[in-house]
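One structure below.
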Amino acid sequence: MAPSSLLLLLFALLAGPGAFPVSADASPDSALSRRPQRTSASLDSASPDSTLSQEFKVAALKAELLELRAKVKAQVAMLKAQGSEMQGLLGQPLEEAAAQRRLQSASYVSVVSWEETVENYHMAMDSLWLLLCGALVMLMHAGFSMLEAGCCRVKNTSNVLMKNLVNVCMGTLGWYFFGWAIAYGGPYDSQGLLIDDAFIGSKEFLSDGFVKETSDGMQPSMKMLSWFFQWAFCTAGATIVSGGVAERVKSPSYAVFAFVMAGFIYPCIAAWCWGGGWLSKDIVMGDFHTHTGITDFAGSGVVHVTGGIAALAGTVVLGPRKGRFERPEEFEAHSLPLVVLGTFILWFGWFGFNPGSTLTMHSKEMGAIAAQVAVNTTLSAAAGGITVFSIRYALLRKYDVGGLCNGILVGLVSITAGCATMESGSAICVGLIGSFIYQAASMLLVKLKIDDPVDAVPVHGAGGMWGVIAAVLFDWGEGFDSFHGKNLLKCTPKFDDSTKCSNVGGALVAQIIMLVVIILWSGTLSSITFLLMRFTGLLRIDEETEELGMDLKMHSPAKAYIMSPQQNPEPPTVPVLDRTSLFV
């Protein structure tokens, strides 16, 4: 009920029945239903009581209007107070804030700004992906260290661990001073190939040009990201050699080799295969064309064959450890827990090694490829491990944990080249076949009396060679006339006719050429480096040190494992029982 109606009712109750007189001849119903006529005559002849009623109504309406006006004023005051609070929070007048919001909304729908925003997100995702995967590859050095330390004798454990640390440090310096520039320094043409068919890269030594000064301040280049990721691969390749020459090479001499390996030997191969060099495009031999470059997605050839062949050169030049083939039982792995731990760390790090080789992660296609790579990597490792484990059991009639570990590793090495371009069933076949190749190579080294303490040559050398060939044989292109290779999801077009696909035959020839080049380059330069140090007497430790152990002769503390008497209490003395006793 309106306030005016309430006031009228209250007035009627207070005034009583006489306040509104009714004629005697009129019935109550007619009196109640009568309404004043809105004519000038009726107004002029209105009674004093009727005039009073009209004035009361006008006063009531005015009171209601005043009440509404007061409410409106209160609402305006509240809105002003809220506006002042908002202005204080924003630090600017409301009109300016509203205008800024309108401009911001308009900028989001502009094409240029939207493309810049998307590009920034893509770069951020790629950076996060490569930094994470590079860190996982770096973690593989811990796996190499544990595996090598466990495979060697306890008296050389500290030296093995030190050698792996030195390898990373010297390899990093070699990559910084020379390695990156040779492998990826360029200059490049519009297709990403080295200009004028250059032999190697010739720019960006010592990371020159990675940071530039602009009007907005210092601007780091995105090449820092590639430098970090490729550095992890380079030092991993150099570490492979460490296992092959363990327990008899002088540490300073190996440090020199690690610098040469990371600064020149590996970078040249990386430049030819991954850095836009001559192996990454159509290889021409007379009238024959491969129509495609080499296929090595994550490095079965570039990393593992390079490291495995260098390890073979090192162990041949050094010669076997003293007594290795006369007393083989003395050279068994001293710590299987370290071997197993190292294997698991390497397997874990391989998920940065292989999936990270997509190099990007800003599209659903690359996400699917990375997942496919991870699945294939896992399946090949599992197949390789079980196969070698079964072979060793068939030969020895005993469980061989070390063989199981090396089987897993050879499965990982074998799948690395083609992990992005084959189906999952093919990945199992690759790991299975790779395990037989590993076992044959391991037995061949023993027969030739080539001493490889960790089987680096059979795992990385032989396994890597098989992986390079398997990448073509198991490529998921349809038939032999459609080869995908480094084009991943689509067939790789021929260099001279982009409407046609490359075939498996030409791709296989390219892979064989790559293997021959890697074997000759890595084997020759590694042999020269080791021979120079051997002829100068700087390569191998003396017989006394080899007999006592490098830890005792060269390290402080002299033992990698220091056990206190409390940790290794003497066994309790067993009492001698009287055999004449009735209770015996």
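Using the three backbone atoms N, Cα and C, a Cβ is placed for every residue, glycine included.
Record features (TrEMBL):
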type	residues	note
SIGNAL	1-19	signal peptide
REGION	25-49	region 'Disordered'
COMPBIAS	38-49	compositional bias 'Polar residues'
TRANSMEM	127-144	transmembrane segment
DOMAIN	128-556	domain 'Ammonium transporter AmtB-like'
TRANSMEM	165-184	transmembrane segment
TRANSMEM	228-246	transmembrane segment
TRANSMEM	253-277	transmembrane segment
TRANSMEM	297-319	transmembrane segment
TRANSMEM	331-353	transmembrane segment
TRANSMEM	373-395	transmembrane segment
TRANSMEM	407-438	transmembrane segment
TRANSMEM	508-532	transmembrane segment
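Long-range contacts of the transmembrane segment (297-319) within the same chain, counting only residues at least 6 positions beyond its ends with a Cβ under 8 Å from a Cβ of the stretch, are 233, 236-241, 243-245, 248-249, 257, 261, 265-266, 269-270, 273-274, 353-354, 356-357, 373, 413-421, 450-452, 456-457, 459-465, 467-468, 471, 486, 511, 514-515, 518-519, 522-523, 526-527, 530-531, 534, 539-540. In summary, the transmembrane segment (127-144) lies against the transmembrane segment (228-246): three or more C-beta pairs, each 6 or more positions apart in sequence, are under 8 Å.
Between the transmembrane segment (253-277) and the listed ranges 165-184, 228-246, 331-353, 373-395, the one holding the most Cβ pairs under 8 Å is 165-184.
Under 8 Å from some Cβ of the transmembrane segment (228-246) lie the Cβ atoms of residues 130-131, 133-135, 137-138, 140-141, 144, 147-148, 151-152, 156, 160, 163-164, 167-168, 171-172, 175, 179-180, 183-184, 254, 257-258, 261-262, 266-267, 270, 299, 302-304, 306-308, 310-312, 314-315, 318, 352-353, 356, 359, 452-454, 456-457, 460, 526, all in the same chain and six or more residues away from its ends. For the transmembrane segment (165-184), the residues of the chain that approach it from at least six positions outside its boundaries are 141, 145, 200-208, 226-227, 230-231, 234-235, 238-239, 242, 251, 254-256, 258-264, 266-268, 270-271, 274-275, judged by C-beta separation under 8 angstroms. Within the chain, the transmembrane segment (373-395) has long-range Cβ neighbours (under 8 A, six or more residues past its boundaries) at 297-298, 347, 350-351, 354-355, 357-358, 403-412, 414-416, 419-420, 422, 424, 426-432, 434-436, 438-439. If you look at the transmembrane segment (407-438), the same-chain residues 6 or more away from its ends with a CB under 8 A from one of its CBs are 295-301, 303-304, 343, 346-347, 350, 353-354, 357-358, 369, 372-373, 375-377, 379-389, 391, 455, 458-460, 462-464, 466-468, 470-472, 474-477, 484-485, 488.
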